[in-house]
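Input: a single structure, listed below in structure tokens.
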């Protein structure tokens, strides 16, 4: 932005900001004068020195309306320039705006353009950074014009010469030096900034671009093409910075009031020589202040020191030039000046940075002022301090309403002081502001009355740090309270993640009318009951409230008055108040409203022993007719608070039921009723928790008597395992895994029994059990440790990369009630301490993940209603996922818009029409309809909006259950929804004390449904084995990998569930047979992969040599030897190679089948041994992830997926469908070939020792892994396309959150982020567009580039066309056809042409960090990371920031373009009744009514 001399800075509207390199002219245009002296202030007078760094003449007066010498004082002399001291009489605030300059004695290279990677200057001149450095720092001369002497000596332009070579030429050709510098025959070589300046000035960008494009097309050398491309990018950036200005000399719109720029400032684009500075700008003195300290010393900004060095060296150099000092001295001084300017602009890049005298730290340069957390962007522009705010400790306010908070009087009077003063003066209570202040200080009683009136209807905002999602700031209506702590409603604690152990909260006051309205309409706590991340309620009762409701609604048999029949709920209450009936008694009530059907009244009726058969039969009939209700007194009391529309809730109310109920209320009766209900159940909950007197004593933790028996049995089992190991039938790995399994099972059995014991104790009224069962406090895991056994403990890992933790195989048999032995205690401290240290370390990681997510998605805003796409996303029903507790089918489709009709295939009924929202009811219906296997829904991933996304593709806004409005910042909501639970994830291990759980390796797989078995791709062999009792046992063993067993419905043939059958599994069912639910279908060994003989024959070892490819380990305890394949590479010479494999040969010695054996395999056969089909020849051990609850694996996993990193040991994936064959073996790798029926073949090289999953002859599909390891998302994108990788990322991230933390995040949030990761494409062939090969550009920009050449042709032969038409040019088809018509008419040669070629590209998957840095907005990218690099690139290319996202608008201080800040709300007309107001330029003027504003919104 350019301000003319004397004009004040831009106050008006601007819509975009352009970045470019400052030319010397523009620096001088900004400047108010040259800084000539390094002095700042006079040490005696403390006044700024004239012409120094603080000079008043240049930068403006230090006192308002007063010149330096004091001749002019007072405002009446405004604008006069003093004739004595030359200072303009104005306000001192101009010292924040006015700039100066330093005129350099020699040109100096700007370090940003020289040191950036790749170096901009280096790319233009085709010099390496090392060579450039030698020229710039005056070590060598560079030839600018070889002239005649150069030609004779064979010297070319840009050659580097040493001092001797240079002087040799100069002395040899003395006459040559008399020629003018512009003479082409003169030999010119220079060094330093001057040389670079001349070279850059002489560059012809257009010619360079043509030459480099030619190299790209014609060169065969890969290196040359890569270099040319790197250079071309910089050349094109400079050329593009010219383009917009070639056509018009008008200014970019909105910067200046006039139509034209003032003449000197016509922007001509960047010239390369601007990268070398002749003038250095000096920033305003208020931005680098001198602050007086006590003791007469001054604290100064580092910039002043850096400027001082530049000025001192510059002045010294000028003097030396004047006195014609020797070249050596000059050169040294010039080099020092270059270094001083380098340090001023960027002091952190250099190894020898300028340090301060006393503390020896590097000085903060201009770059450092922008960079990092403490830089200008993040510290001051994105993180401003707020006035009208205060903070205090929070305490609970149980008597508050949901929308209220208690504000201490002392805080309120301070915050609302200006408003109170105004009221006091207006009402005549105080004469002046001063006297009003006195009244307030005296705490006059009238002040409190006024304060009450002032705060009436004025919301305040409460915020608790860290603000992880939007519910971390909510609005409340304040109530004045005594004391010094803020009171908050207990139900909003969950949203703030607050508790009352000393947490503090900040209060902010919305000042403007608009802010107050937005606070009370959008941010009021009673309007924010639903969590945006999942659409589930967030204001859910917890702890005491849950316990109270649970206690109230629980039934107890034989309580006072059981079996009585009441005429109405009112009668029940009267009887209870008269103590005729107990709180938990089961009674009958006549009820005519809706009834919640989840309670099995008839079953309970059968358990009531005191009823006669006759009475029982009558009651049964009445219950079935729904005239009478079997319930408890407590439930009647509870239902007094439930709105009639919901009906009678006849269940025990625990946390889960309460959450469900609040969710129903908010969608069925609205927020107002729900808020009332919440306040009522809060009262009820606290009241009955108090009445129940529920507290835990040691005797409530009951240890089951059977515990000792189970432990004995487990000890027997583990002894048996050890015996087998000693016999040599198990490897050490298998022994470990089996022992862990035994203890895991035992621990679970004991836990279940202790749980059942608690449940039966005192009729289910054991306080410990009630707390657990209601969900008030504690988990089954904690009860297991209290009353069962602590079980196995995880051994903490050293690394944080998230491999599965080892488990210590000695379990802790005691529980916490019995107390631990010293050894057990010592083992368990391990896990507990890790939990605490993890917590603190990992919170930072989660915070950084959130920041990256915000940055990548901050500009995703709903911009249009419907993008009109025909594409959608297919969602399949997956029973396996649903049973393992993952997200149900209905949750995935709820709140989305159907892309196609959803049809019930069984009867062809349309359930949902295309374009219709799938509501909760419809989703439930689809879930229940067996005929719907999949649905196609609109998704953000397939949205085709140019900017932002459309509301149809996003679906409903989860927090209001309606289609998302235009202007909703869905990107930020998505980032918060993923980041907030990320921070929760980190704290997971903390509460479990690091005990190991989960991960019992399931050896038997049971049927989930009744149905018919169908085999798919299953090959088997029969095998007879001798079992433990010495009896022969016939087994059917699967020898095919990736076989499946399907359970189908015998009538319709529809597949209900699919099971993957592992290689080596034993089948317990036949193809086509019927199975019952829970019948075992097959069993497998989970701890290892087996290599199984498929045919009979004799084993022959190939390349299996003792000490080279296998080692023999004799177990010291058992004396048995075990053969393990080892990595043989270190044992052999470089040329030698081995490939360990087992071969089966027949009697004639012919090889029938070969099996490669991976490293770490244990051999179970000897050379020459006879084998039968089904015999195990070798086992490859597997690592099982057994440690549950430790999210260390979770967060790094999420980060890895979001950053689209290639896994450490990725699987090799086939790119085509086909059949597998093995090729030759090399020293370190072997070949796997995949060939299809069309003769296409792909060869993959697999590292030796990597486990190959495919066998010779296996059929594979594109995208199938051929080896062990995780599949890389980049491979999925390359082979299966963008859709597959999007689905993969969303599902994998969901799994981590689901399994590791049980956190529910709606898919649409993940889709928003994944969409941002796939926004870019990489250009492959640019065709005739102006793109470059390898360019990374936005998909929409790529489409635009192709459209620009769509109707153009390239001239191949110009014929007799006019001179303006040349070969290879692009022209519009219609222009050329018109010309050709004329040429034909005149019988001339016509123009030959061909259609212009369009560019080709492939999609790119970027990690969130790269995606955030690649964003279109310069300001947003610069404030994220790598600030200097982003700004350098933007300046060279003359980029324009159109301020489309949220972040850039916050930085420049505008309203964000989301919500009420949208452009469409700029000129709202507000009308009261019977009056017409003018359109305002602000968002709102004075609203006539609140309702009016709400309707407008």
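Even glycines carry a Cβ here, placed using N, Cα and C.
As recorded in Swiss-Prot:
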- 67, 69, 82, 85: Zn(2+) 1 binding site (BINDING)
- 499, 501, 503: Mg(2+) binding site (BINDING)
- 867, 943, 950, 953: Zn(2+) 2 binding site (BINDING)
- 1476-1497: region 'Disordered' (REGION)
- 1482-1497: compositional bias 'Basic and acidic residues' (COMPBIAS)
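Scoring each of the binding-site residues (82, 950, 953) by how many neighbouring Cβ atoms lie within 10 Å, the top position goes to 953. Between residue 503 (Mg(2+) binding site) and residue 69 (Zn(2+) 1 binding site), the C-alpha separation comes to 56 Å. In this structure the C-alpha atoms belonging to residue 85 (Zn(2+) 1 binding site) and residue 867 (Zn(2+) 2 binding site) are separated by 65 Å. All protein chains included, residue 503 (Mg(2+) binding site) registers 16 other Cβ atoms within 10 Å of its own Cβ. Taking the centroid of the Cβ atoms of 67, 69, 82, 85 as the Zn(2+) 1 site, the other same-chain residues with Cβ within 8 Å of it are 56, 68, 70, 71, 72, 83, 84, 86, 87. Closest by Cα distance to residue 867 (Zn(2+) 2 binding site), from the binding-site residues 69, 499, 501, is 499.
Take the mean position of the Cβ atoms of 867, 943, 950, 953, the recorded Zn(2+) 2 site; other residues of that chain with a Cβ within 8 Å of it are 864, 866, 869, 938, 940, 942, 944, 945, 949, 951, 952, 954. You'll find the Cα of residue 67 (Zn(2+) 1 binding site) roughly 58 Å from the Cα of residue 501 (Mg(2+) binding site).
Considering other CB atoms within 10 Å as the measure, the emptiest surroundings among the binding-site residues 67, 69, 867, 943 are those of 69. Neighbour density at the Cβ, taken as the number of other Cβ atoms within 10 Å, is lowest among the binding-site residues 499, 501 for 501. Of the recorded residues, residue 950 (Zn(2+) 2 binding site) and residue 501 (Mg(2+) binding site) place their C-alpha atoms 44 Å from one another. Note: the Cα of residue 82 (Zn(2+) 1 binding site) and the Cα of residue 501 (Mg(2+) binding site) are spaced 64 Å from each other. For residue 69 (Zn(2+) 1 binding site) paired with residue 953 (Zn(2+) 2 binding site), the C-alpha to C-alpha distance reads 69 Å. All protein chains shown were included, and the count of other CB atoms within 10 Å of the CB of residue 85 (Zn(2+) 1 binding site) stands at 16.
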